[in-house]
Amino acid sequence: MATLVSPPNFCAKEDAEALRKSVKGWGTNEKAIISILGHRNAGQRKEIRAAYEQLYQEDLLKPLESELSGDFEKAVYRWTLDPADRDAVLANVAIKKSTDVYNVIIEISCIHSPEELLAVRRAYQLRYKHSVEEDLAAHTTGDIRKLLVALVTAYRYDGHEINAKLANSEADILHDAIKDKAFNHEEIIRILSTRSKTQLMATFNKYRDDQGISISKNLLEEGANDFQKALHTAIRCLNDPKKYFEKVLRNAIKRVGTDEDALTRVIVTRAERDLRDIKEVYYKKNSVPLEQAVAKDTSGDYKAFLLTLLGKED
């Protein structure tokens, strides 16, 4: 379930006018920006942007980008984007940084539905005049490149049919490849990038039943390389995204110096989807409410905005 609290009735024109006053007056009114945008869903934000452009012949994103700063600006800017366009931006930033590129690309590729992933790929082409797979191929090499390109171009069956015989045979294929340390085996990439999530869950369950250990734990042996870590991330995203995102948040908050990029990414992308469920997983794992952990590690308008998206006013 979502944490976003948005009103059923709103006026896009009134919101656009209020936002104009917030960014064009004497000093930016950050509280007004948070109170409006932090309580509007994707459809409502799209209407506000359209109304703003019609009224002022300017995209709302431009004054937000120029008048706000730091982590607060980044969070508000990405939140205001259309979800598919936002993911295109996240993918491009990850690719260009070339560090931990696989985490963001795998999240987008493995957690979205086939239609959502297709929308992200279209948004990426429209924004950057390249395909995401083209840019990925240019900035990665070897087995990581093979895996990421296969995942980002996948269009999986999205139904609930399970082939038990196939789950059994592919659990054996995965076990043999891992046992032989053939982590770059083409069959692993084929299975992870073509099977439906329902089918993969059946395969992973069969693997655990047969081997007495989950496939994700089996991959993260001592000295695991980047490709093994990427496989592990893909399996976690496909199998249990809520637990995956809880760990991303935990790592972002508990590291020395908060990882604001990861913290912003999870809260902004999940607030309208399943952030309430992720909060529950976080509390069970850490015995601390996520809002409390975020409030302790952030400050100012950035903190206020994240807490608003988490459903808790500062």
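The backbone N, Cα and C atoms fix where each Cβ goes, glycine too.
Per Swiss-Prot, the features are:
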BINDING   Gly25, Gly27, Glu67  Ca(2+) 1 binding site
BINDING   Ile253, Arg255, Gly257, Asp297  Ca(2+) 2 binding site
BINDING   Thr298  Ca(2+) 3 binding site
REPEAT    10-81  repeat 'Annexin 1'
REPEAT    82-153  repeat 'Annexin 2'
REPEAT    165-236  repeat 'Annexin 3'
REPEAT    240-311  repeat 'Annexin 4'
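Note: the Ca(2+) 2 site is recorded as Ile253, Arg255, Gly257, Asp297; in the same chain, Ala252, Lys254, Val256, Thr258, Asp259, Leu263 also have Cβ atoms within 8 Å of that site's Cβ centroid.
Distance between Cα atoms for Gly25 (Ca(2+) 1 binding site) and Gly257 (Ca(2+) 2 binding site): 34 Å, as a whole number.
Compute the center of the Cβ atoms of Gly25, Gly27, Glu67, which mark the site for Ca(2+) 1; besides them, the chain residues with Cβ within 8 Å of that center are Ser22, Val23, Lys24, Trp26, Thr28, Asn29. In this structure, the CA atom of Asp297 (Ca(2+) 2 binding site) is 24 Å away from the CA atom of Glu67 (Ca(2+) 1 binding site). For Arg255 (Ca(2+) 2 binding site), the nearest of the binding-site residues Gly27, Glu67, Thr298 in terms of C-alpha separation is Thr298. Glu67 (Ca(2+) 1 binding site) sits 27 Å from Ile253 (Ca(2+) 2 binding site), taking the C-alpha atoms as the reference points.
For the pair formed by the residue listed as 'Ca(2+) 3 binding site' and Gly27 (Ca(2+) 1 binding site), distance between Cα atoms is given as 23 Å, rounded to the nearest Å. Counting only residues at least six positions away in the same chain, the Cβ atoms of Leu263, Ala293, Val294, Asp297 sit under 8 Å from the Cβ of Ile253 (Ca(2+) 2 binding site). The secondary structure of Ile253 (Ca(2+) 2 binding site), as reduced to three states from DSSP, is helical. In the three-state DSSP classification, Asp297 (Ca(2+) 2 binding site) falls within a helix. Across the structure, Gly257 (Ca(2+) 2 binding site) and Gly27 (Ca(2+) 1 binding site) place their CA atoms 30 angstrom apart. In this structure, of the binding-site residues Arg255, Thr298, the smallest number of CB atoms within 10 A of the CB marks Arg255.
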